[in-house]
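Engineer: Below are the features I grabbed from TrEMBL:
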TRANSMEM  27-49  transmembrane segment
TRANSMEM  69-88  transmembrane segment
TRANSMEM  100-123  transmembrane segment
TRANSMEM  144-163  transmembrane segment
TRANSMEM  175-197  transmembrane segment
TRANSMEM  256-274  transmembrane segment
TRANSMEM  295-324  transmembrane segment
TRANSMEM  336-357  transmembrane segment
TRANSMEM  378-399  transmembrane segment
TRANSMEM  405-429  transmembrane segment
TRANSMEM  436-458  transmembrane segment
TRANSMEM  501-521  transmembrane segment
């Protein structure tokens, strides 16, 4: 399906391109796009030359722990609301309907669990890197393994983040693809290295406004071109684009309620629970309460972002097509849309650069080399620059990938983020887990991740994805995407390879926990006294407290007399119930004999 859309896109681009090589951008478009880059750089320069001037690692990496919840929540949302979502989600909704919209259900647990478990624990431990937790709970070797795994995950994902908006700019304006990649990487690297986390967070806020504005503009124009809201609704309904709840429990089906609503929870936990880019923002809050509140506020932000992306998919054939065909009659809108894409991309990439520099400095360099604060800060900035160069190189690898943009990006997070999630869950929820089990579990999870992930890429045929037939009337000419018939249900290893990419995080994290516990019991589980204070979540105590709240007497019965009466009545009921149970048991025993 991805190959078919790419071919159609290339043919249509050649059809619409002026034979003289005229570009689609007008002067207004270029001005709008340039303003985005200039404003982002200006924010970075402002925080580079004001306040503490990023002269300490505390300010560069954690904004002096002075951030408020509102900008943090927008930054948390923008970090992984990249150009992948701006382009990939609308294309997914057009191709397969609104089933993907149900991923919003997983945001509830995916944010509640971090807010009540991960954030309080990490904040109270006064961490500077989330992987410091692994050393406190296990040992230094586990910390290094986690750090290296995270670096690999983010570098690969940043290739997707850089390449996607550059592809859009190349398609719309004819601007050189790799020139756009270099421009994106350069601007982002500079304001990240100069302004530190404060610049990253506030550029995220600015870029979020640009992103939402661009999406709204596209939706409004699309609905207008379709003849209004009522006509647009009729077209998407008659075209089969509105999907009901698919309760098919088959885990090999790409998108169902269970894969999105349940499998998506594990993906959300790997992003908003244990990912350094997000935890670093939690730890930059002024208080633990504001850190938790910022996580709560991410929920409506994510729902709005998801809604806008899905609506974009309903009012157009594909995002890039729509820009070329329809927005040309509205000067400035092509530039605004491309600025929207680059805003999403810049927010993601800058967060990655900052977090990568932080973990490399805190987890890999500082424990082994002593240096002054000024030198450590300078080295952190140089690390951010270095990761910018590496991530630009990874964009070329993404260019060679044979998969849809959305699925490729989320698969990477599932393949690598899942084992990291499992490693943290092993330490947080299982006091008996030891260091050997942690390392073995992480290794097993990564092996499982790449075995299933790479096997799935290699075995997946074009016929494995069904595209709904639909004649698009939202563009200047009718385009029909033929339906692709589903292949026979795979069996054996092919069944494992056909597992929906939304289950990758669940499978891989569960593998880490299972293997980690087995190895821990085989090598001698950790004793309770040997576990560092504050590194294990009290599951049983929390469950008992919750049970007590559920069965305790009501407020009107809080006097001693009422309490005794309530306790007596509850005890009598238990005795009567137990007596009935024994009578039934005796009758059954007599009947059996």
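Just so you know, glycine gets a Cβ as well, placed from its N, Cα and C.
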Engineer: Between 175-197, 256-274, 501-521, who has the most Cβ pairs under 8 Å to the transmembrane segment (378-399)?
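Structural biologist: Selected stretch: 175-197, with the most Cβ pairs under 8 Å.
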Engineer: So which of 144-163, 175-197, 256-274, 501-521 is most in touch with the transmembrane segment (436-458), counting Cβ pairs under 8 Å?
Structural biologist: 501-521
Engineer: Would the transmembrane segment (27-49) count as touching the transmembrane segment (144-163), i.e. at least 3 C-beta pairs under 8 angstroms with sequence separation of 6+?
Structural biologist: no
Engineer: Could you tell me whether the transmembrane segment (27-49) and the transmembrane segment (100-123) are in contact, taking contact to mean 3+ Cβ pairs under 8 Å with a sequence separation of 6 or more?
Structural biologist: no
Engineer: Given a Cβ distance threshold of under 8 angstroms, which distant residues of the chain, six or more beyond its ends, lie next to the transmembrane segment (501-521)?
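Structural biologist: Contacts with the transmembrane segment (501-521): 103, 251, 254-255, 259-260, 262-264, 266-267, 269-270, 407, 410-411, 413-415, 417-419, 421-423, 425-426, 430, 432-434, 436-438, 440-442, 444-446, 448-449, 452-453, 456.
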Engineer: With Cβ distances under 8 Å as the criterion, find the stretch in 27-49, 69-88, 256-274 that has the most pairs with the transmembrane segment (175-197).
Structural biologist: 27-49
